[in-house]
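To start, the structure itself, in structure tokens.
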Amino acid sequence: MWLSGRGLRCVRGGREVFDGLGFEAAGGEALALVGHNGAGKTSLLRLIAGLLAPAAGTITFDGGEPDTPVAEQAHYLGHRDALKPSLSVTENLAFWREFLGGEPTDLPAAIEAVGLAHAAELPAAYLSAGQRRRLSIARLLVVRRPIWLLDEPTSALDVRGQEAFGRLMSDHLAGGGLIIAATHSPLGIAAREMRIGAAA
């Protein structure tokens, strides 16, 4: 499995974010996007996820046709946790599993993996910032997709939460998955760096 981008150009709000950008990443590999604020790290993740259309260039998954959608093979974890405050931890994950079209999976196992078993029936509105981030991370586990696109994934996590997420990422890579992450902090896993934009 591999994912590549060629000649990518991104324009947002009439401003060119980047042009001529390319990348390649293979299954079992983590790619860390680094660069100053506004360099285009989040924009690249959103292009790959299909949330933005490139002004030029192509993104290809697994050697297929350039127009093959990557979105159906990828999870995108953005800055916002995208939770429904009135729904419980379990209900939020059930919603996302149905929305993403996943096969039935073990929701309690996903909740346990992120350390929220004690809060499984608690509404998301009552969770701390770190707990909300862990619940958001649990979405990666309820529907199996080979590509994880992560935007500052460890924000709001304490040291213990970062270590637990590092183990989840390591397991994903060991199973042949691929991770592309925009981050200002160490991911806690071995990752190849790709700098976007001029050095800060």
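Note that Cβ sites are derived from N, Cα and C of the backbone, with glycine treated the same way.
What Swiss-Prot annotates here:
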BINDING   G35, H36, N37, G38, A39, G40, K41, T42  ATP binding site
DOMAIN    3-200  domain 'ABC transporter'
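Sequence features annotated in Swiss-Prot and their locations in the structure.
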| residue | record | Cβ contacts under 8 Å, 6 or more apart |
| --- | --- | --- |
| N37 | ATP binding site | none |
| G38 | ATP binding site | V17, G197 |
| G40 | ATP binding site | C10, V17, F18, L21, I196, G197 |
| K41 | ATP binding site | L33, V34, G35, D151, A182, I196 |
| T42 | ATP binding site | G78, H79, D151, A182 |
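DSSP classifies K41 (ATP binding site) as helix under the three-state reduction. Cβ proximity to the ATP site centre (mean Cβ of G35, H36, N37, G38, A39, G40, K41, T42, cutoff 8 Å) flags the following additional same-chain residues: S43, A182, I196, G197.
The Cβ neighbour count for A39 (ATP binding site), using a 10 Å radius over every protein chain in view, is 20.
A 10 Å cutoff on Cβ-Cβ distances gives H36 (ATP binding site) a total of 14 other Cβ atoms nearby, all chains included.
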